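Peer 1: Please see the structure below; I have some questions.
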Amino acid sequence: MEDNTKRLHSGKSYRIFWWITGHPIFVASLGMMFVAACLAFIPKLVIDPKAESFLPKDSPALVYREQVEEIFGLKDPMVIAVVNKNGVFNPDTIQLVDWLTQQVLAIPEVNQDRVISLTTEDNIVGNEEGLVVTPFVESLPVTQDQTNEIAAKVKDFPLYLGSVVARDSSATLIITEVTEDSHAPIVYEKLMTIIAKAPIKNTEILHVAGDGAVSGYLSAYIISDAARLVPISVVIITLLCVLAFRTVQGSLLPGIVILAATASSVGIMAAMGDPIYVITTSMPILLVGIAVADAIHIKSEYYEQRALTPTLSKQAIIVHSVNKMAKPVLLTTLTSMIGFLGVYFSSYMPPMKSFGVYSMIGLAVAGIFSLAVIPAMQMLMPTKDSAAFTSSNTRKGDKLAQFMDGVGRRVLANPNRIIIGAMVVVVMGIYGASKLEVNESWVDNFQTSEPIYQADIAINKAMDGTSNLDIVIQTPHQEDLFLPENLRKIEALQFYLESMPEIGGTTSIVDYIKQMNRALNNNDPSEYRIPDDADLISQYFLLYSASGDPTDFEEEVDYDYQQALVRARLHNGRLQFFKPVVENAQTYIDENFNTRQIEASLSGRIYVDYEWLTNLTDSHFKGVAFALVLVWIVASLSFKSILGGTLALVPVGLATFAVYALMGALGITLAVGTTMTAVIALGIGIDFAIHTIERIKYQIQVQDLSPSEALQGLYPSTGRALLFNFLAVFIGFGVLGLSHVPPLAKLGVLIAFAVLVSFVASITVLPVLIKLFKPRFIGFKKGTDINTALIADVSD
């Protein structure tokens, strides 16, 4: 006999859900086949941990940097630093440097021609026959006197001071480059193995650092971090579902949604050939908390309906529950996607766009699974009631429901305090937003206790710096860089750069020319200058090639002596430190170069970082504005009320202000992770407001409750589900706060805080505003007075 309950509703959405629950094996199988297909692509994922990934491939700054690297044969270096507080010029330390150098040269993935250390580099001296190029260390020293001779030669060669040997002799570097960028992780691990077994005899401390090392280690670092956090998040969310529903089904089915959301986002990313970036490693962790929210609401409604209408069939209860939650689930999925859409459209950086689009895919899949696959799977499982939901006409439910009921009574009895509190948050948020500034360094992706972070500090302290700003000099004709007037312009540029306190030192072809001039003039220090004759300068290079390797200058000048590179070394790679350097250097170039005779252009790691970091503030506020407007439009259309859309924005607006207030109070800067906080929190946090408004509407318009009953009835039912929804999302982002990648940890903490504020505002400020404004779209009639009824309820 046909179930009479099937005739209870005959709307289009009901017919869809009747069909889904009537074909559960087909629907469930289709869903799991999709998940399996996505999982199959995940092994194809590749990682891109480099800072330049934050610029589009066609970015002028990035394209030019690649051209510069091609001309001068540049790659991001890795360095082993040998630090000895008593000085590196002693026999044991020099022998250690040589041992390390030989070990590095034996690594197949290293470019042997680009290994630089005290024991590989040559000195330039003059004699009666001309220039003589000899190694600084012709044989390993055994006595201190022999070492002192080496020290004297190095100190007479200013070009290596601060770049290869510390100016106070407390450290020296072994510098190398990989043959291919993809070899960076392998080389980094081999360098770490080398220093672990190094034959240290004195008090030397060894470090591995450099831009190449950061990129090399970061790949493994972020993957291990994600592999640690995802299981923690899944376990905690599962335990939360057990607490909420106290059934196996109640924890298993939301877990299926989590699997589908994470597998689809990462799997489709791999299928499309897009790499995983530092920021996108957080995506699975975030989706764990977000994706489960809709499943929690649907399961809560299902168990509540089972308790209230136990005589209905299993299929009827499932259909009724899913249909009732379909609109808010679709709307919250859409608004959550809008938050990530804001990330996508407001940024031109590939990692941010990737994060936005694949998070949207995961959320869309989570919504589909919650409304289709989970109801189908539930039909295949045994019927079991939840001890957390019992039949009660008073709707008091379990202790959590009673707790939320008590919260509601206090909120509705104190509207003035609630409004004042909200206004305070707004004022604090405006102040915090005015203090925001962008500051980021790629090494900040590591915890301060990490060896590579400590290495960066140690090398920056001892040497001229690990962050490079390059200035490319261009002239119109071959050998124009033999002209003294051009060389003096380069020299003046170096003097100007070195006058900035942020710059530790500079190098260029001019330094070699001055060293050769000094060597050919009896090593007279006063002759460390640029000769006045272009032909003489040309002869210097010819003399050098007779006893040295002409490729020694390939990083400083091209083979035609038409283009040169000036490299400035900075002690700090954070934007607020190098921003004035870049801007002042550009001003100097504009005023003193860019003539027909000689031109100059900025490039290098620092300039590339400057290009993408300086746009973070604009992209942040554009993203917030975009998401706010779009969410408001969607909410207004859904509620068919401008006031409805505006009310829905109130909790997330307060959350945004609260985040700014917290960032201002704690001095948290805008960076790769934190710049997305407000946009993501906006898209996620509005879910609470939508469920709150929809529940009050349903109780007034469908259940025919009075306004006072609807407002108070919100708390033990939807309020309980919102509590677990909040806990799931809060924990999901809270787990991200445990990340060993500081930008991701800050992102997790800030969004968790924003979610907390959104939740609290949705069950406090929003009901109070509804009580005050009595909006008709919810079902309030003109002249409705609910204050008396509410006061009576609270006094019971």
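Glycine residues also receive a Cβ, built from the backbone N, Cα and C atoms like all the rest.
So TrEMBL says this about it:
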type     : residues : note
TRANSMEM : 16-42    : transmembrane segment
TRANSMEM : 229-245  : transmembrane segment
TRANSMEM : 252-270  : transmembrane segment
DOMAIN   : 256-380  : domain 'SSD'
TRANSMEM : 276-296  : transmembrane segment
TRANSMEM : 329-349  : transmembrane segment
TRANSMEM : 355-374  : transmembrane segment
TRANSMEM : 418-434  : transmembrane segment
DOMAIN   : 645-772  : domain 'SSD'
TRANSMEM : 668-690  : transmembrane segment
TRANSMEM : 722-741  : transmembrane segment
TRANSMEM : 747-773  : transmembrane segment
Peer 1: Under 8 Å between C-beta atoms and at least six residues away from its ends: which parts of the chain pack against the transmembrane segment (418-434)?
Peer 2: 411, 650, 654, 656-665, 757, 761, 764-765, 768
Peer 1: Does the transmembrane segment (229-245) reach the transmembrane segment (668-690), going by 3 or more CB pairs under 8 Å (6 or more apart in sequence)?
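Peer 2: They do not touch: fewer than three Cβ pairs between the two stretches lie under 8 Å.
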Peer 1: Per-residue pLDDT averaged over the domain 'SSD' (645-772) comes to what?
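Peer 2: Mean pLDDT, the domain 'SSD' (645-772): 84.
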Peer 1: Flag the pair the transmembrane segment (276-296) / the transmembrane segment (355-374) as in contact if three or more Cβ pairs fall under 8 Å (sequence separation 6 or more).
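Peer 2: These two segments touch.
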Peer 1: Please give the sequence-distant neighbours of the transmembrane segment (668-690): residues at least 6 beyond its ends with Cβ less than 8 Å from one of its Cβ atoms.
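Peer 2: For the transmembrane segment (668-690), the nonlocal Cβ contacts are 54, 278-279, 282, 286, 290, 293, 328, 331-332, 335-343, 346, 351-352, 355, 436-440, 444, 616-617, 619-620, 623-624, 626-628, 631, 635, 638, 647-652, 655-656, 659-660, 662, 722, 725-726, 729, 743-744, 746-747, 750-751, 754-755, 757-759, 761-763, 766.
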Peer 1: Residue list, the transmembrane segment (252-270) vs rest of chain: Cβ under 8 Å, 6 or more residues beyond ends.
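Peer 2: The answer is 31, 34-35, 37-45, 230, 234, 237-238, 241, 276, 280, 283-284, 287-288, 290-292, 294-296, 299, 354, 358-359, 361-363, 365-366, 369-370, 373-374, 377-378.
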Peer 1: Which sequence positions outside the transmembrane segment (329-349), separated from its termini by at least 6 residues, show Cβ-Cβ distances below 8 Å to it?
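Peer 2: Hits for the transmembrane segment (329-349): 54-56, 290, 293-294, 297-298, 355-357, 359-360, 363-364, 366-367, 370-371, 612, 615, 619-620, 622-624, 626-627, 630-631, 634-635, 638, 676, 679-684, 686-687, 690-691, 694.
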